[in-house]
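Trainee: So Swiss-Prot lists these for the protein:
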- 14-347: domain 'PTS EIIC type-2' (DOMAIN)
- 383-478: domain 'PTS EIIB type-2' (DOMAIN)
- CYS389: phosphocysteine (MOD_RES)
- 1-25: topological domain 'Cytoplasmic' (TOPO_DOM)
- 48-51: topological domain 'Extracellular' (TOPO_DOM)
- 74-136: topological domain 'Cytoplasmic' (TOPO_DOM)
- 159-167: topological domain 'Extracellular' (TOPO_DOM)
- 189-275: topological domain 'Cytoplasmic' (TOPO_DOM)
- 296-317: topological domain 'Extracellular' (TOPO_DOM)
- 340-589: topological domain 'Cytoplasmic' (TOPO_DOM)
- 26-47: transmembrane segment (TRANSMEM)
- 52-73: transmembrane segment (TRANSMEM)
- 137-158: transmembrane segment (TRANSMEM)
- 168-188: transmembrane segment (TRANSMEM)
- 276-295: transmembrane segment (TRANSMEM)
- 318-339: transmembrane segment (TRANSMEM)
Amino acid sequence: MERKSSLKVRVQKLGTSLSNMVMPNIGAFIAWGVAASLFIATGYLPNKALDTNVVGPMLKYVLPLLIGYTGGYNIHKQRGGVIGAIASFGAIAGSTVTMFIGAMIMGPLSAWILKKFDEKVQPKIRTGFEMLVNNFSLGLIGFALMVLAFFVIGPVVAQLTEWVGIGVEAIVKVHLLPLANLIIEPAKILFLNNALNHGIFTPLGTEQVAKVGKSVLFLLEANPGPGLGVLIAYAMFGKGSAKSSSWGAMIIHFFGGIHEIYFPYVMMKPAMFLAVIAGGLTGTFTFQTLGAGLTAPASPGSIIAIMGMSPKGWGPHLVVLAGVFAAAVASFLVASIILKSDNSDDDSLETAQAVTQAAKAESKGQAVTEPNLHSDITTDNIHQIIFACDAGMGSSAMGASILRDKVKKAGLDISVSNQAISNLQDTANTLIVTQEELADRAGQKTPRAVHVAVDNFLATSKYDDIIASLTNGKASGSENAAHSTQADSAEIDLNQIDAVVFAYGIAKGSATMGQETLRSIFKQNNVKIPVSTASYAHLSDYNAKNILLVTTIAQQGQAQQAAPNAQILVVDSLVTTPEYDKLVARMHK
C-alpha cells in the first residue's frame with residue numbers, strides 16, 4: 001500500500017512540476033492566442049506585419065523563455081529563473097521548432113545545477129566578494145549550459161517533438177484520439193488534470209496552432225461536458241444533499257470552470273467513472289469528427305473561456321458547443337442509469353465524502369481518524385492560513401475567499417491566501433488547508449505546519465470549526481451549537497413563513513448556491529415561498545416574524561443582532577445541509 005501511495009505522490013509531483021511551469025504563464029498563452037486569432041491570415045483582422053513581427057516571435061521566443069524562467073524560479077527563486085531563461089534560450093536558438101519541451105528541461109535543470117553550486121561555494125566566499133562570485137557564477141554556468149542546449153538539447157528535443165507530432169497526427173487520422181479519455185477522465189479525478197492539460201496538451205497544442213491555426217488538444221481535458229452531465233443526473237435522479245447541492249455546483253463548474261467541484265460526486269459512486277469516461281469519449285469523438293479546436297488553452301475550463309478561445313466564425317463556435325453538449329448528454333445518460341439502478345437509502349453527499357475519505361486513508365496505509373481539528377489551531381500558534389491545491393488557483397482560491405470572509409467577520413488578524421503545493425514554504429505558525437487527495441504531498445512539503453484536509457473546498461462546516469478554534473471556542477462548544485441549532489430549527493414552521501433570505505457578507509457565492517439549492521427543494525415539493533439573498537448590512541429590512549433568515553454558525557450573532565424578530569436557521573454550510581429537507585418534511589406533517 002505504501003509503495004502505491006508513494007508512486008502516486010511521485011506521479012503527482014512530476015505532473016505538478018510540469019504544470020507549474022505553464023500555469024503561471026497561461027495569461028501569456030491567452031494573449032498570444034488572441035493575437036493569433038486576430039492577426040494571422042485567416043484571423044478576424046489579418047495583418048501581415050503583426051503576424052510576422054508579433055505572433056511568430058512571441059511563439060518562438062517569449063513563451064518558451066517564460067516557461068524556462070518559471071521552471072528555474074520554482075527550483076532556485078530569482079537566480080534559478082535567470083539561469084533557466086539563459087539555458088532555455090540556447091535550446092530555442094538551436095532548433096527551428098517551438099521549444100516548450102526544451103525549456104521545460106533546461107529551466108529546472110540549470111536552476112538545480114546552480115543551486116547545488118551555491119550550496120557548496122557560498123558558505124566559503126570571503127566577505128566582500130559575494131556579489132562578484134554570485135554574478136560570475138551565474139553568468140559562466142549559464143553560458144556553458146546555453147551552449148550545451150544549443151548543440152545538444154535543442155536538436156534532440158526538436159527530433160523528439162517531430163516524432164511526437166507525427167504520432168499525434170497518426171492517432172488523429174485513424175480516429176483513435178477519443179481513446180485518450182480512458183486515461184484523461186480518471187486522471188482528472190485523481191488531481192492530475194493540470195499536469196495533463198498544461199504539461200502535455202498545451203505544448204503540443206500550441207505547435208498545432210502555429211501550423212493550422214487551431215488544436216483539438218486544448219479541448220481534451222478542458223471539456224466541461226462530462227462533469228456537467230453527471231451533475232445534471234444528480235439534480236434529476238439523486239437523493240438528499242447530493243441532489244440539492246448539484247444545482248449550485250453546475251453553475252460553478254460550467255460557467256466558473258472549476259472542475260474540481262464535481263469530483264466528490266464521482267468519487268461517492270465509483271461507477272460514475274464510467275459516466276465521465278463515456279462523456280469524454282463522446283465529446284472528443286464529436287470534436288474530431290466536426291474539426292473542432294481552440295486557438296489557445298482554455299483556462300479555467302469554463303464554457304466562457306472555451307468560447308473565447310474558439311476560432312473565427314459561427315461554425316467553429318458551434319462545433320465546439322456540439323462536442324461539449326454531446327459529452328454532457330452521454331455522461332448524463334450513463335450517470336442516470338447508475339443513479340436509477342441504485343437502491344441504497346443513504347445517498348448523503350456528506351456521508352459519502354466521509355466514507356471516501358476513510359477509504360482513501362486506508363488505501364494509503366494511514367490510520368482512519370476522527371474529523372476533529374488539530375489542538376494547535378489557536379491564535380497563538382497560527383499566524384497565517386494557506387489553501388493549497390495542485391495549481392494554486394481555481395478551487396483553492398474559492399476556499400480561501402470563503403474562509404477569509406469568515407476570518408474577517410470573526411475579527412481575527414490572520415492572513416488567508418492560496419498557493420500551489422509546490423510553492424509552499426515549511427514555516428511554523430501556518431495552517432495548511434488542502435484536499436484529502438493531496439494531503440500527503442502537502443504534509444511532506446511542510447512538516448512543521450498544521451494541516452487540515454477537506455474533501456471539498458466548499459465544505460464550509462470545517463471552516464466554522466477552524467474559526468471556533470481560533471476564537472478559543474472548544475470543538476465541543478461548536479458541536480453543542482450545532483445541536484442547539486437543530487433543536488431550534490425543529491420549531492420553525494414553514495407554514496408561518498412568507499419569505500426565506502440567505503444572509504451573506506462580502507462574498508455572495510455560497511449564499512447564492514444555497515438559494516438555488518433551497519429553491520430546487522421547494523420546487524420539488526411544490527412550496528411557493530420566495531427565496532432571496534441579502535447582505536448583513538441590509539438584514540434589518542427583514543426584521544419580521546414571518547421571515548426566515550438562513551446563516552452559518554460563525555455569523556449567527558450578527559444575524560440575530562441585525563434582525564432580532566426574524567426566525568433564524570443556523571446551518572454548518574449554506575450549500576449542502578440536511579436542514580433544508582427537514583424543514584420541508586415538517587411542513588407536510
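Glycine residues also receive a Cβ, built from the backbone N, Cα and C atoms like all the rest.
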Trainee: Suppose you look only at the topological domain 'Extracellular' (48-51); what would the mean pLDDT be?
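Mentor: When the pLDDT values over the topological domain 'Extracellular' (48-51) are averaged, the result is 89.
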Trainee: Sequence gap of 6 or more, C-beta under 8 Å: which same-chain residues meet both conditions with respect to CYS389 (phosphocysteine)?
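Mentor: Counting only residues 6 or more apart in sequence, the Cβ neighbours of CYS389 (phosphocysteine) under 8 Å are GLU260, SER395, SER396, ASN418, ALA420, ILE421, THR434, GLN435, LEU438, PHE457.
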Trainee: I'm a bit unsure how to read this: which one of 26-47, 52-73, 137-158, 276-295, 318-339 has the highest number of Cβ pairs shorter than 8 Å with the transmembrane segment (168-188)?
Mentor: 276-295
Trainee: When you scan the chain for residues with a C-beta under 8 Å from the transmembrane segment (26-47), skipping those not six or more beyond its ends, what do you find?
Mentor: 54-55, 58-59, 62-63, 66, 198, 202, 206, 209, 213, 294-297, 299, 309, 311-312
Trainee: In the same chain, who gets a Cβ under 8 Å from the transmembrane segment (276-295) while lying at least 6 residues past its ends?
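Mentor: Hits for the transmembrane segment (276-295): 33-34, 36-37, 172, 175, 177-182, 184-186, 188-189, 205, 208-209, 212-216, 218-220, 223, 225-227, 229-230, 266, 306, 309-311, 316, 319-320, 322-324, 326-334.
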Trainee: Other than its close neighbours in sequence, what residues sit by the topological domain 'Extracellular' (159-167), given a CB gap under 8 Å and a spacing of at least six beyond its ends?
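Mentor: Cβ under 8 Å, 6 or more out: 97, 101, 204, 207.
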Trainee: State the non-local partners of the topological domain 'Extracellular' (296-317) in its own chain: residues 6+ outside its ends, Cβ under 8 Å from one of its Cβ atoms.
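Mentor: Answer is 23, 26, 29-30, 32-34, 36-37, 42-44, 197-198, 201-202, 205-206, 209, 213-214, 218-219, 221-224, 254-259, 324, 393-394.
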Trainee: Could you tell me how many residues in the topological domain 'Cytoplasmic' (189-275) are helical, how many are strand and how many are coil under DSSP?
Mentor: 66 helix, 1 strand, 20 coil
Trainee: Which residue counts does DSSP yield for the domain 'PTS EIIB type-2' (383-478) in the helix, strand and coil classes, in that order?
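Mentor: Helix, strand and coil residues of the domain 'PTS EIIB type-2' (383-478) number 42 helix, 23 strand, 31 coil.
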Trainee: Of the residues in the topological domain 'Extracellular' (48-51), how many are helix, strand and coil by DSSP?
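Mentor: Its residues fall into 4 helix, 0 strand, 0 coil.
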